[in-house]
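Inspection log for the structure reproduced underneath, given as structure tokens.
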Amino acid sequence: MVAVADTVTSPSHAPVPRFPDMNFTHAPNELVLDRYTIQRGIGMGGFGEVYFAISKAGKEVALKRIQRNLDVELRGVSHCLNLKHNHLVSLHDVCRDQEDQAWVVMEYVDGPNLREVFNQHDAASTEPTGLPMQEIKRWFQGMAAGVDHLHGAGLVHRDLKPGNLFDDNGVIKVGDYGLSKFISASHRGGHTESVGTFHYMAPEIGRGQYGREIDIYAMGVMLFEMLTGRTPFDGETPQEIIIKHLSAQPDLSSVPTPYRNCIASCLEKDPSLRPSDVGSMMAMLPWENAPGVYYYASTANEADAREAVSSQVRADNERVNQATAKANAASQQSPNPIPPVTLRNPSPEEPIARAVRNSFYDLNQWWRNLERSPGSKFVIVIAAAMILLINTHWLLPMLSLVGIFYVPYYIIRHMVLQISDPDTVASSGPDSSVNHYAQQHAGQFTSAVNRDLNRPTSIPTKPPSKAQVQQMLRQSLSTRSRITQAAEWTTSGMISLIVAATLLLITSVIGLRNTTISPMALSPYVWMACVVWIGSFGLLGLGKAWESSEGEGLVRRLTSAFLGAGVGVVAYLLADALMVPMDMGLGRDIDATSLPVSFYQSSGVPKAAAMMAHFALLFGLLRMWKPVDPLRRARLSLWAVAVAVVGEWVVHQIIPVPQPAGMLIAGGIIVMTQMSAPWVKADSVATLRAMKV
Ligand SMILES: Nc1ncnc2c1ncn2[C@@H]1O[C@H](COP(=O)(O)OP(=O)(O)OP(=O)(O)O)[C@@H](O)[C@H]1O
């Protein structure tokens, strides 16, 4: 053994040794595995020593030298090499040296691990306190994204704990995944195994069950620790801690209320009672998703998950996770399981977009792992730039062409999926806002119910009534900030703009199929599309403002009528500007001469007042805001469209407007608002009701 840490001549950017007193097997400047020069020892864990080393090409790596007596199945560990994710510490290689010593080569993470952050925080305070909320969110969301990716790939971490979470220049990364599975557990432990390791171990580990629920349990423990500065089950010895895991109930009194339900659920002794996946767990927290982060759901994205791993990995996981399958089968038979709130991304990523994204990711990974000197890398960049420049004459037109076809296809696909997706908690916006909705509804609902019933843990008795569920959902909606609401409104508005453009295309293609296309022929269609969009944008705004309560009917009708009047004015002005003939269809039902002069010209053409009155009556009479309510029964109800069209016809009998434009506008507004407005699917509500909270 050589004491190395204090004799290191490490590069200036290398961090200060964390364990200066430790004895490491390898000394600085020693070449291992024929290509890595040891710089210094970083630390020792349950599996062996970890070194900071530099490859021949100058790349920084962390080398884990597995303890000699451990029985390592390297073939198994190598499966983890397939996993690439922003929130996972990359495993570069797993190999043996000439002495048959096993090594794991991985990405070197410069920043501290969460254990070190906890220690620093503890040192600064006299009694245990939680980390700042922003930090908790950052660490936890990063961990969740990494663990979710592992689970999606069919892997269970098995050793989640603060020491395995790293802060890599602001990006939280999960390390050490998969290793414990391939290293014979019976040999693990050694002199470095600390009591700390046992704080995060789920009770079923003792029975040899290693489903992903053990990771959920560990995440629950860590969330508890981040919030309170203590672990839920503590003790002097491993045995004491294990007994508490097996039998004691966590004391959640020091945990802030919005997090209690989630933690209580994660710390259930019975794995089948825990959230079934990371997405369900995150949905129970009062947080929005980090931008661009989506979670696999237990059932929803299995197809995507399968794509993420090779068949070899799956075969291996099947073998290793048989115990998990048994546990899950048992859980299905167990009485009264709490159904997981599985809320999913409504539109699986478009295949071409995914392929492009993956290619960029692979390119990026290849570049980062490329063992070339900075000089040769520079030459490669210049060569690539030259090749691109020389080919711009055909590349640019081709890209534009792809854009012209691909962008509309992408948008339409996205919209169609939003409507047809059976399990969606729908939203008008991009995926992030869907997840946001899902989280708001599920997470805040459950915590709100518990708050309401003054019940901190999740031991249920009676499911809430439908009215209670609705009230809870509205309550949860009311907690959202104005800025969030405004952002959602704008997103809905953008979606409805696209729907309006699509409607314009469809109606004009049908309407003008036998006519020569001219600006004059096109103008009524453009006019209708504009009016429909303005009407639905206004309604979406009302819907957003009113979504958190049932509201007072008369006030809403009056407000809605005002909005209708505004739509009427805009319709009138636009018709004037676009020179749309406004006398079409007017004489069909009512003789123009019998119309009031203040509303109509002598030719029967409606004045602004007629348009205002018509749409005000329509909007007030039909309660047009109803199709925008996120708790409406169906996302797109054709009944609502039919009612709007018939209602408009009835109003037309009293205050005529051009037809069939009037009916098309009324129907169009209802179609567009329903397609663009967020919606909580009835089944999701039923699932929430079924939760015995
Ligand atoms: N990829 C890495 N980059 C930088 N430091 C690392 C890396 N992996 C591990 N370390 C550090 O090396 C030390 C030992 O890590 P190791 O994972 O072996 O032990 P552990 O997490 O304490 O225990 P266990 O082996 O039970 O997971 C820790 O201080 C850890 O922060």
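Even glycines carry a Cβ here, placed using N, Cα and C.
Per TrEMBL, the features are:
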type	residues	note
DOMAIN	36-288	domain 'Protein kinase'
BINDING	K64	ATP binding site
REGION	320-345	region 'Disordered'
TRANSMEM	378-407	transmembrane segment
TRANSMEM	489-512	transmembrane segment
TRANSMEM	524-542	transmembrane segment
TRANSMEM	554-575	transmembrane segment
TRANSMEM	604-624	transmembrane segment
TRANSMEM	636-655	transmembrane segment
TRANSMEM	661-680	transmembrane segment
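With Cβ pairs under 8 Å as the measure, the transmembrane segment (554-575) is packed most heavily against 604-624, out of 378-407, 489-512, 524-542, 604-624, 661-680. Cβ contacts within 10 Å of the residue listed as 'ATP binding site', excluding its own Cβ and spanning all protein chains shown: 23. As a whole-number mean, the pLDDT of the domain 'Protein kinase' (36-288) in this prediction is 85.
K64 (ATP binding site) carries a strand DSSP state (E or B). At the 8 Å Cβ cutoff, the transmembrane segment (524-542) and the transmembrane segment (661-680) share at least 3 close pairs (sequence separation 6 or more) and count as touching.
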